[in-house]
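Beneath this line is the structure, given in structure tokens, with notes to follow.
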Amino acid sequence: MAAPPLQPVPPPAAVNGDGFRLGFIGAGNLAESIARGVAASGVLPASAIRTAPHRRPERGTAFASIGACLLDTNAQVVDGSDVIVISVKPQIVKQVLLELKPLLSDEKLLVSIAAGIKMKDLQDWSGQRRIIRVMPNTPSAVGQAASVMCLGEMATQKDENRVRSLFSAIGKVWTAEEKYFDAVTGLSGSGPAYVFLAIEAMADGGVAAGLPRDLALGLASQTVLGAATMVSETGKHPGQLKDQVTSPAGTTIAGVQELEKGAFRGTLISAVVAAAKRCRELS
């Protein structure tokens, strides 16, 4: 089997003339991030987005603030949408899909962003074969998501283009086989937490070295952002970029030496593997 692409596939040419309607079953924070990105980017007008009331009234208010349509029931969302995003918590996906099953048809594209729910289960519970599974991550809230998608057996090229356009509105998108999804969860799904810990620790180090807390945190977060942007935009291997800033007998190599003593790289590798293993256990 071919390995997943090394770079995200660029979004297709603008599809805002496509005219499809987008429905969300579940109006949580991630669904809102997608809806906001889609509306702000012009992929779809806000009026083409719809959802139903949430148990927390403020979630409906958040969607209304975008300009999305608030319908009375999930059944109405399904009926009025061409692409239906299942954005409820993983533990209730089965219940929701079984309830919606009589309303679904071959004309509807089902998109699941529920972590850990396999394509086979989505197909069995919904009775659908036209499905795309997507794994985004929490930086979707600031338009910097890393999303990976895989296509069900009946998903078309047009379906793929539509979904790519939606998730390109909140970050970058890769396509991979479903067998990689546990590892994707361990890396990009759980990875923001590892980076948050690193930023916190770097800021603590700055404080320990004498910096004010707010300055240390600002420098740490901007340094991580800048380093990540360099990797993404230059195309250079991170090891090469590390070597460029590591002068002989300088300050950086002294810091790197301490990281190596603490098995920094090995610990991060183990964290990704452990999270991927846990994902397999839960799914």
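Note that Cβ sites are derived from N, Cα and C of the backbone, with glycine treated the same way.
Positions annotated as domain 'Pyrroline-5-carboxylate reductase catalytic N-terminal' by TrEMBL: 21-116.
Residues annotated as NADP(+) binding site in TrEMBL: ILE25, GLY26, ALA27, GLY28, ASN29, LEU30. Note on ILE25 (NADP(+) binding site): other Cβ atoms within 10 Å of its Cβ, all shown chains, come to 24.
Neighbours of ASN74 (NADPH binding site), defined as other CB atoms within 10 A of its CB across all chains, total 21. According to TrEMBL, the feature NADPH binding site maps to ASN74.
Annotation comment: TrEMBL describes 178-282 as domain 'Pyrroline-5-carboxylate reductase dimerisation'. The average per-residue pLDDT of the prediction over the domain 'Pyrroline-5-carboxylate reductase dimerisation' (178-282) is 96, rounded to a whole number.
Across the fold, the C-alpha of LEU30 (NADP(+) binding site) and the C-alpha of ASN74 (NADPH binding site) stand 18 Å from each other. A sphere of 10 angstroms centred on the C-beta of GLY28 (NADP(+) binding site) encloses 17 other C-beta atoms. Across the domain 'Pyrroline-5-carboxylate reductase catalytic N-terminal' (21-116), DSSP assigns 46 helix, 17 strand, 33 coil.
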